[in-house]
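Here the structure comes first, spelled out in structure tokens, and everything after it is commentary.
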Amino acid sequence: MYELILALGWDLLLGEPPAVVHPVVWFGKLIAFIDSHYSRRSPAIDFLAGLFATLVVLSFAFLLSILPLYAPYPLNYLLSVYLLKSSFAIRSLYEHVRRTMKDDVEEMRKEVSMIVSRDTSKLGREHLISASIESLAENTNDSVVAPLFYYLLFGLPGALVYRAVNTLDAMVGYRTSRYEYFGKFSARLDDILNFLPARITVLLFLPLNPRRVIRYYKMARFKVNSDKPIAAMSAVLGIWLEKPNIYRFPGRDPRMEDIERALKVYVIVVSEWILLLLLGVIL
């Protein structure tokens, strides 16, 4: 339990460790190295190469997670807390989303582009606000609920391996000519691992507007985990959230102050999750 409490305290008080010593950054560099050194071939070979890349990255994550077992006291305790903290990002997510609140549209586009994969160069203010809030909702699962869910189930290996899978999906899990087959295995694995956490995230939104959250949840695409927390956030805020030509949850037009409202919802949801985690560890 000390490990979880200290890791949460580190995150809330200090935020992220420097990139040069951040395990998730290491995962990203390893993925980028493998990706850049593999020349695409046939679909079958690309799929096998992607499978191999996934196994390499997950093996690295697992080896990192067991380092504390072989470290001397008290380094083992410090390593455990440090590695667990690196698997989730409560404060960092809050700060990144808050920085998108810019009066100047061009500045806002730049900030939003840092937290979403879509092209923001031609998005209007309402769609920029929507994209910012969508990212907050989706990453409430990916960066907070899911890694700590797998920590609760499998300890430090669960948290770091999940984070490695999520990083793989974020980097190569796209349906493009380059990644369609190379990223398929890691994308499907990410879908499987996020199935339960995404729905747990929705349950955390439920007390804020039960009837509407349930109604919006039913609108979300069944097979797409990321839709679920976005639908829940849209329901609670009462605004439309939209990725053009992909999905749209109904409501009034989003306004700048809705980002602030979304951040308050995020604080409530994360607080609920932390409380449940601590109760789970105690019991």
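Start at 1 and count along the chain as shown; that gives each residue its number.
A Cβ is built for glycine as well, from the same backbone N, Cα and C atoms used for every other residue.
Listed features, source Swiss-Prot:
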type	residues	note
TRANSMEM	5-25	transmembrane segment
TRANSMEM	47-67	transmembrane segment
TRANSMEM	142-162	transmembrane segment
TRANSMEM	263-283	transmembrane segment
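Contact count against the transmembrane segment (47-67) (Cβ pairs under 8 Å) is highest for 142-162, out of 5-25, 142-162, 263-283. Within its own chain, the transmembrane segment (263-283) has Cβ neighbours under 8 Å at 1, 4-5, 8, 90, 93-94, 97-98, 136, 140, 144-145, 148, 152, 201, 204-205, 207-208, 233, 236-237, counting only residues six or more beyond its boundaries.
Sequence-distant contacts of the transmembrane segment (5-25) (same chain, six or more residues past either end, CB-CB distance under 8 Å): 61, 64, 81-92, 95, 160, 163, 167, 274, 278.
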